[in-house]
Structure formats: structure tokens, C-alpha cells
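Remarks on the structure that follows.
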Amino acid sequence: MSLIPSLSLLLMSMVAASYSETVTCEDAQKTCPAVIACSSPGINGFPGKDGRDGTKGEKGEPGQGLRGLQGPPGKLGPPGNPGPSGSPGPKGQKGDPGNSPDCDSSLAVSERKALQTEMARIKKWLTFSLGKQVGNKFFLTNGEMMTFEKVKALCVKFQASVATPRNAAENRAIQNLIKEEAFMGITDEKTEGQFVDLTGNRLTYTNWNEGEPNNAGSDEDCVLLLRNGRWNDVPCSSSHLAVCEFPI
């Protein structure tokens, strides 16, 4: 029975000693040197909850992002309107004289003479076989019979005019050329009885047949050269030989 009280007293003594040692140690941390050792630190606890948001700070300066890579070139846009003409530039310096070919060289002269000789031969052949030449006129026929309007058109096509004798020599040349009665470039279509050439000029030479012009049938406004070389008025709608004159 005496053992139990003894143990109780022992435990109470140990608790009291431990408390006393703790207080003494805490006080010793304030007054004792650092060599006095206290109890070891405890284990870190769990993190606490997030605190409340603080007040909004001042606006910061604009930031600068990193410069990206250069992209590929874009498509060409539509062409713009033409700009205004610029002012004339300064006058250039005078150039060196050029070299002109010698137009009067012996070669050019010889070629020109050869061409003139050949043209003269051709005219002689044409005169001998197809036409007649008097002075600076060449009379030519194609041997076809047609109305006066068609004769005019034919001659104009070849840059000629309907044969119109201005004197006895030309009248005779046409007479010797034809084998049929031929139209001449003479009419009184504008004014009855007043015969003129196709340019409207009055005639200075005539060779009318006896009793002509008589305007038989009231529609004889054109003139024929007969086989005997005389003239006779006939209707322009009749068909006769075409003779043209070419200036040479």
C-alpha cells in the first residue's frame, strides 16, 4: 500500500521539474548566454488561406512586344492614273553632221539613163501595137464597145481621160487608131447645143460632119468620132468604142 503513494509523488515531482525547467529555459533565452539549448522547433503547418485582394495599382507604361518576322510581299495593286507630263528637258548638244549618199554618183546616173531608155522602148512598142502618140498625149483603146459612162469610168481607173482631140493632128491620130466609131470626151448635157469637154471648158477645135450636131431625137448629148474623122452627136446610152488619152 505504501508503494502507490510513492509513485504518485514521483510523477508529480517530474512534472513540476519539467515545468520549472521550461520556464527557466524561456527566461534563460532572455538572460542566459546562447550556449543554453532550448527545445527543437516544430514541424511547419499547412499553408493558410489566400488573403483579400489588395488595392488597384497605378497604370503602368505601355509594353513593347517582340518584333515578329517580316511577312512575304503582297500582291501588286492596280496601276495608277498616268501622271502629268513633265517639263521639257534641256536642249541637247548639236550632233555631228551625218553622211548623205551621193545622189549624183555615176552609178545612179547610169541606172536612171537605163530606166529612161527602157521606158522609151516600152512606149514605142505600145504606140506601134496598141495606140498613137501625138505630142505629149498617148491615145489607147482596149477595143471594147460600151456606154459613155462606162468609158469614163474605164479611163479614170487607169488615171486617164476620155480621148478629146484639141487639134487636127490629135483628131487624125485617133482616127487612125480606131476601127469603129468611138466616143470622145465632149458633151452638151448641161446646156443643149453648147458642147464642152469633161472639165467644162468650151471647145477651141471642132470637126463636125455636115448637118451636125442636129440633136435628133432630143437626146443626143454625146459625140462620136466617125471613121472618116468627122464628128456626130449621139445618145450617151448607146455603145461605142472606148478610147482613152494618157498624158506623157
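Each residue's number is its place along the chain shown, starting with 1.
Backbone N, Cα and C atoms are what each Cβ position is placed from, and that goes for glycine too.
Taken from Swiss-Prot as is:
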{"type": "SIGNAL", "residues": "1-20", "note": "signal peptide"}
{"type": "DOMAIN", "residues": "42-99", "note": "domain 'Collagen-like'"}
{"type": "REGION", "residues": "43-110", "note": "region 'Disordered'"}
{"type": "MOD_RES", "residues": "PRO47", "note": "4-hydroxyproline"}
{"type": "COMPBIAS", "residues": "49-61", "note": "compositional bias 'Basic and acidic residues'"}
{"type": "MOD_RES", "residues": "PRO73", "note": "4-hydroxyproline"}
{"type": "COMPBIAS", "residues": "75-87", "note": "compositional bias 'Pro residues'"}
{"type": "MOD_RES", "residues": "PRO79", "note": "4-hydroxyproline"}
{"type": "MOD_RES", "residues": "PRO82", "note": "4-hydroxyproline"}
{"type": "MOD_RES", "residues": "PRO88", "note": "4-hydroxyproline"}
{"type": "COILED", "residues": "112-130", "note": "coiled coil"}
{"type": "DOMAIN", "residues": "134-245", "note": "domain 'C-type lectin'"}
{"type": "DISULFID", "residues": "CYS155-CYS244", "note": "disulfide bond"}
{"type": "DISULFID", "residues": "CYS222-CYS236", "note": "disulfide bond"}
*Can you check what DSSP calls CYS222 (disulfide bond), collapsed to helix, strand or coil?*
strand
*So which of the disulfide-bonded residues is most packed in, judged by how many other Cβ atoms lie within 10 Å of its Cβ, out of CYS155, CYS222, CYS236?*
CYS222
*Going along the chain, which residues six or more apart from PRO79 (4-hydroxyproline) have their CB under 8 A from its CB?*
none
*asked:* What does the structure give for the C-alpha distance between PRO88 (4-hydroxyproline) and PRO47 (4-hydroxyproline)? Integer Å is fine.
replied: 88
_Residues that sit under 8 angstroms from PRO47 (4-hydroxyproline) by C-beta distance, when 6+ apart in the chain_ = none
*By DSSP, what is the split of the compositional bias 'Pro residues' (75-87) into helix, strand and coil residues?*
0 helix, 0 strand, 13 coil
*Between 0 and 100, where does the mean pLDDT of the domain 'Collagen-like' (42-99) sit?*
79
*How big is the gap, in Å, between the Cα of CYS222 (disulfide bond) and that of CYS155 (disulfide bond), rounded to a whole number?*
16
*Which state, by DSSP, holds PRO47 (4-hydroxyproline): helix, strand or coil?*
coil
